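Engineer: One structure, as structure tokens, below. Some questions next.
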Amino acid sequence: MPVMSPVLNQSGPTEFFFRVLTTVPEFQALLFLLFLLLYLMILCGNTAIIWVVCTHSSLRTPMYFFLCNLAFVEISYTTVVVPLMLSNIWGAPKPIPLAGCGAQMFFFLTLGGADCFLLAIMAYDRYVAICHPLHYTLIMTQKLCAQMVACAVGLALVLSLQLTSLIFTLPFCGHRREINHFLCDVPPVLRLACADIRVHQAVLYVVGILVLTVPFLLICVSYVFIASAILRIRSSEGRRRAFSTCSSHLTVVLLQYGFCAVVYLRPQSTSSVDEDRQFALVYTFVTPLLNPLIYTLRNKDVKGALKKAISSKAASENN
């Protein structure tokens with residue numbers, strides 16, 4: 001009598017479980033409060049950017065249009081991950097069905113890819129503003145900006161759909177599958193497969209190159225031209241303002257691309273599950289939190305609009 005594989009010899013629906021971060025109740029409560037606080041700060045900070053840009057006509061420029069879209073993507077990106085993560089920290093681990101795991105991976109990859117593409121588009125916007133200031137309004141039209149955002153989201157959606165569909169055609173061993181992570185990310189899910197995953201890893205590297213390497217190289221090329229143009233500015237104040245604007249964007253770029261590249265582009269044999277989980281915390285919490293902080297604290301226009309909005313609201317409440 002032939003022996004059936006563990007994939008075929010299973011009953012009931014397929015479920016995944018996330019490995020708990022800690023089993024100590026005191027640490028569970030501490031982590032729950034910490035991640036909840038970070039999540040609320042991400043929501044408030046990015047929502048504030050969207051509100052300020054949408055309500056102040058002085059900020060309706062391509063730069064702030066892209067920043068507004070980036071803030072929306074950051075909110076969606078963390079919302080796909082954090083609520084489920086918090087529910088698993090507090091109390092017993094809760095299962096996630098196969099379809100739910102696939103949906104989380106798809107949206108996580110789509111929004112993460114859109115985030116990377118938007119950062120590249122913002123670098124191009126800064127290149128045009130600094131290197132071709134006289135033609136900026138002619139080049140960066142409202143139609144072109146909308147088309148670039150739509151292309152960024154569309155390309156991220158197509159790539160993530162292909163990768164997610166390919167991964168979830170794999171057989172997974174056993175009925176109860178424990179993911180050593182806090183989300184259904186590609187590397188930890190691939191580790192649970194009961195088949196040859198070399199093709200899937202190759203596709204992951206190709207997608208990683210398209211989403212991470214190519215945009216990062218375009219950003220680097222843009223900033224070579226930007227740096228050259230800034231150095232030609234005679235006014236020291238003009239150079240300072242240009243460098244300030246670009247350094248904010250570069251800080252977010254280096255964090256986002258750096259940690260994502262370590263997780264998705266290094267060989268599977270040299271990767272550590274615990275390291276991947278730690279790096280994932282950076283681009284799940286730190287980058288979305290730094291985005292509003294960097295762009296508000298280092299941007300006079302946004303700070304001025306926020307102060308004006310807060311003061312006008314306070315004055316209306318007093319009256």
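The backbone N, Cα and C atoms fix where each Cβ goes, glycine too.
Annotations per TrEMBL:
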- 45-295: domain 'G-protein coupled receptors family 1 profile' (DOMAIN)
- 29-52: transmembrane segment (TRANSMEM)
- 64-86: transmembrane segment (TRANSMEM)
- 106-124: transmembrane segment (TRANSMEM)
- 144-168: transmembrane segment (TRANSMEM)
- 202-231: transmembrane segment (TRANSMEM)
- 243-265: transmembrane segment (TRANSMEM)
- 277-297: transmembrane segment (TRANSMEM)
Engineer: In terms of Cβ proximity under 8 Å, which residues at least six beyond the ends of the transmembrane segment (277-297) contact it?
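Structural biologist: For the transmembrane segment (277-297), the list is 35, 38-39, 41-42, 45-46, 48-49, 67, 70-71, 74-75, 77-78, 81-82, 112, 180-183, 185, 248, 251-252, 255-256, 259-260, 262-263, 303, 306.
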Engineer: Among 29-52, 64-86, 144-168, point out the range having the most Cβ pairs under 8 angstroms from the transmembrane segment (106-124).
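Structural biologist: Stretch with the highest Cβ contact count: 144-168.
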Engineer: Do any residues, 6 or more residues outside the transmembrane segment (64-86), come within under 8 Å Cβ-to-Cβ of it, and if so which ones?
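Structural biologist: Distal contacts: 18, 32, 35-36, 39, 42-43, 46-47, 49-50, 53-54, 96, 104, 107-108, 111-112, 114-115, 118-119, 121-122, 125, 142, 145, 149, 182-183, 284-285, 287-288, 291-292, 295, 301-302.
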Engineer: Across the domain 'G-protein coupled receptors family 1 profile' (45-295), what is the average pLDDT of the model, as a whole number?
Structural biologist: 86
